[in-house]
């Protein structure tokens, strides 16, 4: 599973694959940074150590997955298909808000059947970098957002460490430190850290390997 911090629907079925997860997104002037851990589990077993939970919805719009791996990826695939058609009809890239609304509508429509939470972030010409939460059918724009089972361990840290007006590199460091802290505390989060930086210039992908993760006092 990508086990969400606040799952929806029924309890996980035995053997269901989940991403017991830590996901995060941060706005900066001119773009966004998204990050996630990479551990996927089925029950007590880790079935994938390097799963990329940052899924593209469009050229400069991504979502971060948590909850049931199958459910979350299905929502992302449906949203990406609708946004592709939307872009063709408009003859221009879709807005990040439109993408977040598509994800929100799918999640709410199938809320009784799905165990998934997707965080949407990206860049468009109208609003620049944006981060949206879609949990439970709500749609909220935030300067930064965290989610997944690991997020419960880092609320205090992110509230204290976040500063408005951070540079892209500061946002990447903030995201890396927060996810690494969650991975050190949450048994369902682990592996490597995937980072995506989205700006008008394009998308920059980075991977922070296990031996490159920040070290903390308790380690």
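A Cβ is built for glycine as well, from the same backbone N, Cα and C atoms used for every other residue.
Taking 53, 215 one by one, Swiss-Prot attaches N6-acetyllysine to 53.
DSSP assigns residue 109 (N6-acetyllysine) to a helical segment in the three-state reduction. All protein chains shown were included, and the count of other CB atoms within 10 Å of the CB of residue 53 (N6-acetyllysine) stands at 29. Within 10 Å of the C-beta of residue 109 (N6-acetyllysine) we count 12 further C-beta atoms, all protein chains included. A distance of 22 Å separates the Cα atom of residue 109 (N6-acetyllysine) from that of residue 53 (N6-acetyllysine).
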